[in-house]
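Can you keep this structure in mind? I'll have questions shortly.
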Amino acid sequence: MRSRSNSGVRLDSYARLVQQTILCHQNPVTGLLPASYDQKDAWVRDNVYSILAVWGLGLAYRKNADRDEDKAKAYELEQSVVKLMRGLLHCMIRQVDKVESFKYSQSTKDSLHAKYNTKTCATVVGDDQWGHLQLDATSVYLLFLAQMTASGLHIIHSLDEVNFIQNLVFYIEAAYKTADFGIWERGDKTNQGISELNASSVGMAKAALEALDELDLFGVKGGPQSVIHVLADEVQHCQSILNSLLPRASTSKEVDASLLSVISFPAFAVEDSKLVEITKQEIITKLQGRYGCCRFLRDGYKTPKEDPNRLYYEPAELKLFENIECEWPLFWTYFILDGVFSGNAEQVQEYREALEAVLIKGKNGVPLLPELYSVPPDKVDEEYQNPHTVDRVPMGKLPHMWGQSLYILGSLMAEGFLAPGEIDPLNRRFSTVPKPDVVVQVSILAETEEIKAILKDKGINVETIAEVYPIRVQPARILSHIYSSLGCNNRMKLSGRPYRHMGVLGTSKLYDIRKTIFTFTPQFIDQQQFYLALDNKMIVEMLRTDLSYLCSRWRMTGQPTITFPISQTMLDEDGTSLNSSILAALRKMQDGYFGGARIQTGKLSEFLTTSCCTHLSFMDPGPEGKLYSEDYDDNYDELESGDWMDGYNSTSTARCGDEVARYLDHLLAHTAPHPKLAPASQKGGLNRFRAAVQTTCDLMSLVTKAKELHVQNVHMYLPTKLFQASRPSLNLLDSSHPSQEDQVPTVRVEVHLPRDQSGEVDFQALVLQLKETSSLQEQADILYMLYTMKGPDWDTELYEEGSATVRELLTELYGKVGKIRHWGLIRYISGILRKKVEALDEACTDLLSHQKHLTVGLPPEPREKTISAPLPYEALTRLIEEACEGDMNISILTQEIMVYLAMYMRTQPGLFAEMFRLRIGLIIQVMATELAHSLRCSAEEATEGLMNLSPSAMKNLLHHILSGKEFGVERSVRPTDSNVSPAISIHEIGAVGATKTERTGIMQLKSEIKQVEFRRLSISTESQPNGGHSLGADLMSPSFLSPGTSVTPSSGSFPGHHTSKDSRQGQWQRRRRLDGALNRVPIGFYQKVWKVLQKCHGLSVEGFVLPSSTTREMTPGEIKFSVHVESVLNRVPQPEYRQLLVEAILVLTMLADIEIHSIGSIIAVEKIVHIANDLFLQEQKTLGADDIMLAKDPASGICTLLYDSAPSGRFGTMTYLSKAAATYVQEFLPHSICAMQ
């Protein structure tokens, strides 16, 4: 018999430690571990972490086996791990109905439970009796399921279980937009059951998704059916949100020690090494103590000041927990593991020694790791005064199995029994290693032979869609439908993946479906979804964005491949040449660079060997039967004649026997419109409407047609007015100016509706006119009246065979209008159809997840609706319609702006610095205002032009508003002199950092608006011979530009085209209006407000108080505090007035820095502003200013000249605000300071 080696003896000692502290508690039937002797429930997260020591020890025995008994011991340990993992699987699979429901609802009531009965795997508390939604717990289970499977363990035994795991992937893939209760089961730190977005959950979900992607759950014994599929776009959503959250942990926790599990073992979810180090140092600096780390600041758990009889905390109570938070040795085990994986031996040694000092020796000298160390009740005051000086006492579970397990695992690795690669077989530890440069492969395809010839004339040789066969080309929406079959299991009542928008990472791969290669075109060129794809310049911008995104986010094997089809809509109006924007983009891609990305153009067949290709094994024939329903319509050749897919579908009859081809053709046939209207004539309709860029609704045409048809009560059928509050009343019978702004508009037209013999309305007259007219505008007018009077599903019986509902006809008309790029009419029909961005909820989520709250509608509340958490698609669109008061035009424009904001958030996040709330209603308002100012035109002309802008021009205008570069003003923390606000400086700014399109954007806008004005005048003279007038003002009135006030010279009206004035006049007022509308504040503003609240009882803004008690609940760096401050400031409807209030608060922060105890009780900030205004008026009058120069804004009572004053200088706003603040608070200041003032 061989003698036992030293390593074997040491392993035996760890085996005894594992047995005595962990395995002795494992249930022999279920394999689950109870939390402690007193708490018999099994928590999912704790169980996974607690078994890691057993898994590691088993790997160590297998690696260092001296004899057969060691191999047997390794097998025994590994099977204990399998038993626990399968026990947890049984617990969760019993709740399969919740998994199915949660995929669609993301509701806390539909979530998997966080803990189960150790003996039976049953649930132990009700759905609403615990914070069950903890995505990090489900994610850590999936992460280690992947790691353990990769290490050789066989945990999953059947395809039913594979499908369940696939659905768990769908369960966690929305973690980036799902607020949960987090790793500490508390949600918001007030412990009141408020869920929030947690970085620990997002990071762990991201790690689990990456680990499971393309993993065979049967290991080496598996096949295609047991492979898990993950969509790369969902992973990157998590990555993006995680990067934006860190080093913060959530909205209520500015830092949390649980982030150690995200930036290091086990998740390794962060790819930016600098961000990893920043987060790590934040934890060490703010949370580390003598016995471990606090979980987060002001954590009251098991502190002497916590009331054990009460589950929740009062908000102001959190201040009591400051500096006495319990310290957890658990987190030092993470630092040990981090040191091992990073190769930092010094860190490993330091924390091992520190941990040894806080371990408690149990029976027979067994080292036990306590749950936490708490301040003794009699030493609380001493700890308050001198943090980290009082000796603490151990409390809670002993041992804390989670911490005990990681302590043993860290010791095994530190002593060399395990290498990092053995405990991390999927190589997640290399996440921060720089990735190779990405070259995006672009295959340009022509829809038809004619387009191919046009491209060839330009020196661009391409293939047609038909010529790439047997490679098959499909639109992105088809890939979304295909993925909806993934994970489907009828026996378990699992429906598969919910239908969702397909991102660019998903469409940039090739797909192997039943031995046939498929490629999918990007989502943004699908013209059936939203009208952005009808604008060729917008297509180029979206292509540029996607290419840039691919270069920074692509992490898969192989290069990304974009299939870019050139369709008929990308040609000029005559159809003989390529649109200049598209041609320029193609030439740049051929040159090798576009949008900052390296490009390789070529044929699809040339890219087969270098592309990333995924085998969609779930599309193979399986136990679930066929891919499609037997009752679908086999007539799949009815695609629209203008659809770019025609080149591909021409071969469809040759492959009717192919089930996949029939399935895909079925999807195409049911997602494409079928033409039913008569084609537009070239003479009477198309050419005229090409030239006629009119108002969004072209209400005049509607009324004219109503007169011809003798329609009564036309006002009942007109589109709802844009933000009806404070709207002018218009009389359509004459051209008088608007009057009585506060009245709801009415229309009085004395006409008669045709009736049949029985006296009923004869709608057949309308339908007959619809059939005969070739004018697109007239068709829209008639369909709108039918839509409002008969409903969208009314069958017009336009043709004998088949139905022709109003909705179907409007959809077809939308396609026709799109071809002539009539943007006002496009938006109008989109509004009628309630046509929404398919990825609207994703755009909203992108913004929210970057900690930007959204509001829709115009202030004040309750009209302005706040969106502070991700919403399901339908709920989001309902909220937008409600906020827009049913106005379909503004509803559709709000969605459009939301998409553009999300685009800029992904590509230029710096535009949104120090902005926590994006008020889309105000942004639309300020866009119209700025357009009027830039073009020196009236508000009516500007608002009409805004609704007729192309999407690309609208996006450029938004960039102009966000960047503010035209004004040569920016926010800065370094003042140019002592009197300047620390947040504002003036200097010349170039166009560095903007794209060429954005640099020339405003010039294009001016040109486009001038054309709109010319066409509007032409239409008013040609199309309205009866003296009618254009109703541009009816869509977006002056009251929309300045809510609550009329547009007068004192409130921001703009001169006409021929008025000249000093370009500097109005510059600062415009700057303040922009910053106020965008909620932009100086750097560090919210932290300074927190300090001010420490010196007073609160700040009052327009009667709404921000109390000082807020600081007892929230810390300075919390997002929650920033949002709370924003909610008070947003009570002010006028952007420029709001910005003056911000400047006044900045002055108060300077006073708060003085060494005094208090600067007042409740400080009325608006009063300080009005005192400053009075001082300004007095001084201006002494200098000879007259009443006209010193006109006041009627809404706020502030002199417009003060709004337009620079912050610095003798007459600067900061000068007067400083004097006003000193005057207001002087009674609270020491006499010596008052004398200095």
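Heads up, the Cβ atoms here are built off N, Cα and C, so glycines get one too.
Since this is a predicted model, take the numbers as computed values, not measurements.
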Quick one: which of SER111, SER605, SER978, SER1030 has phosphoserine in Swiss-Prot?
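Among SER111, SER605, SER978, SER1030, the residue Swiss-Prot annotates as phosphoserine is SER1030.
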Would you please say which range out of 190-220, 314-344, 345-375, 810-840 has the annotation region 'Calmodulin-binding' in Swiss-Prot?
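Swiss-Prot lists region 'Calmodulin-binding' for residues 810-840.
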Quick one: sort out which of 609-649, 1060-1100 is the region 'Calmodulin-binding' according to Swiss-Prot.
1060-1100
Swiss-Prot annotates one residue of SER1023, SER1053 as phosphoserine; which residue is it?
SER1023
With every protein chain in view, what's the tally of Cβ atoms within 10 Å of the Cβ of SER1127 (phosphoserine), excluding that atom itself?
16
Determine, from DSSP, whether SER758 (phosphoserine) sits in helix, strand or coil.
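Going by the DSSP assignment, SER758 (phosphoserine) belongs to neither helix nor strand, so it counts as coil.
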Measure from the Cβ of SER758 (phosphoserine) and count the other Cβ atoms within 10 Å, all protein chains considered.
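The answer is 6.
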Look up SER1127 (phosphoserine) in the DSSP assignment and reduce it to helix, strand or coil.
helix
Fill in the CA-CA distance, SER758 (phosphoserine) to SER1127 (phosphoserine), as an integer in Å.
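Answer for this pair: 59 Å between alpha carbons.
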